[in-house]
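Engineer: For 1-18, the entry in Swiss-Prot reads signal peptide, with the evidence type similarity to another entry. Under the heading N-linked glycosylation site, Swiss-Prot lists ASN33, ASN270. Residues or ranges marked as domain 'AB hydrolase-1' by Swiss-Prot: 81-376. Swiss-Prot lists SER171 with the feature active site, nucleophile. Taken from Swiss-Prot, the feature disulfide bond applies to CYS245-CYS254. Per Swiss-Prot, active site, charge relay system is recorded for ASP342, HIS371, and the stated evidence type is sequence analysis.
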Amino acid sequence: MWLLLVTSVLSAFGGAHGLFGKLGPKNPEANMNVSQMITYWGYPSEEYEVVTEDGYILGVYRIPYGKKNSENIGKRPVAYLQHGLIASATNWITNLPNNSLAFILADAGYDVWLGNSRGNTWSRKNVYYSPDSVEFWAFSFDEMAKYDLPATIDFIVQKTGQEKIHYVGHSQGTTIGFIAFSTNPALAKKIKRFYALAPVATVKYTESPFKKISLIPKFLLKVIFGNKMFMPHNYLDQFLGTEVCSRELLDLLCSNALFIFCGFDKKNLNVSRFDVYLGHNPAGTSTQDLFHWAQLAKSGKLQAYNWGSPLQNMLHYNQKTPPYYDVSAMTVPIAVWNGGHDILADPQDVAMLLPKLPNLLYHKEILPYNHLDFIWAMDAPQEVYNEIVTMMAED
């Protein structure tokens, strides 16, 4: 969506080549897949396909060990990383190795697994439905919590022989964790600790332009966005990332457009990596996922998707209205980091969440941080990642 703003500006002022400054050095990872990005930096990579109970085929990636500890071939503690909304596993590996959480954990001795939610670039297959069908896209974060997380975590536990794993979630990755671990006690028992970055349980106070979407009637949202994909990665995104936003005079425009949706923290964004960030983002989701977030923004509650009528809700939930999720039912030990300039996971929403967490181990608010700083900030290792490594080692 913010990319469209950039495109409009380019159209108004004419062409990206030459006029807006010379092109910066290109990073080859911008055009790589997940496994290629991992091996490019000298780390081992494994790729798996996990089939969910309802037939979705998820791409799951593994970094079994780091460059510094390859000689230790015994069992390692497992760290599972789950991305946020319209994102993918690449979020954890798009910075340099000393600034990317997946690589940092691998070098710290962890068996690192990267998940992908249904519908994104690396999980766009189903046993029964084609991605061209409406049926394929009839999901939101409800199904990610109900089917994707259990299938992926069970696969990892079986593959590694570890009974419990560490779970790191960002943005919507925390949302599906809250839902899955509060409604599925058997799954919750497999989680050592939950590390929540920019946690989202409610969006009552969000100031993001996405809030405006909640004011649009649902029937009109369907007219505007359709009933299939929302913000899939395409050629335009790739072009903007590799040919436009990497130009000296346009990186500021691109970063400001991004900040409008996620909050401002100009000094912490590595603009030299813009082509990698935009070469893999947005990674897409369903329009139903978008509609679900609009529903939450309007209600201010964490609630299952409203299928539109009492009859449809009865078919899905055996009740006329969508059930609410009770975060306080989650007993998994949790550590929380949030940003003071995050307009998606607003500090007021986080303040509402914290008292509901019965096993809160740690909370830190980083005042300058926006929503994306937790995955891309240049000082993320000092502010967040080193603390995660320390806490994992203590458990």
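Glycine is no exception: its Cβ is also placed from the backbone N, Cα and C atoms.
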Engineer: Using Cα-Cα distances with a 10 Å cut-off, which of the recorded positions ASN33, CYS245, ASN270, ASP342, HIS371 are near SER171 (active site, nucleophile)?
Structural biologist: HIS371
Engineer: For ASN270 (N-linked glycosylation site), which of the three DSSP-derived states applies: helix, strand, or coil?
Structural biologist: coil
Engineer: Here's one to test understanding: among the recorded positions ASN33, ASN270, ASP342, HIS371, whose C-alpha is closest in space to the C-alpha of CYS245 (disulfide bond)?
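Structural biologist: Nearest in space to CYS245 (disulfide bond), counting only the recorded positions, is ASN270.
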Engineer: Over all shown protein chains, what is the count of other CB atoms within 10 A of the CB belonging to HIS371 (active site, charge relay system)?
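Structural biologist: HIS371 (active site, charge relay system) is surrounded by 30 other Cβ atoms within 10 Å.
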Engineer: Among the recorded positions listed here (ASN33, ASN270, HIS371), which has the Cα closest to the Cα of ASP342 (active site, charge relay system)?
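Structural biologist: Closest by Cα distance to ASP342 (active site, charge relay system) among the recorded positions ASN33, ASN270, HIS371: HIS371.
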Engineer: Ranked by the number of other Cβ atoms within 10 Å of their own Cβ, which of the recorded positions ASN33, SER171, CYS245, ASN270, ASP342 ranks first?
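Structural biologist: Ranked by Cβ atoms within 10 Å, first place goes to ASP342.
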Engineer: Measuring Cα to Cα, how many Å separate ASN270 (N-linked glycosylation site) from HIS371 (active site, charge relay system)?
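Structural biologist: A Cα-Cα distance of 15 Å.
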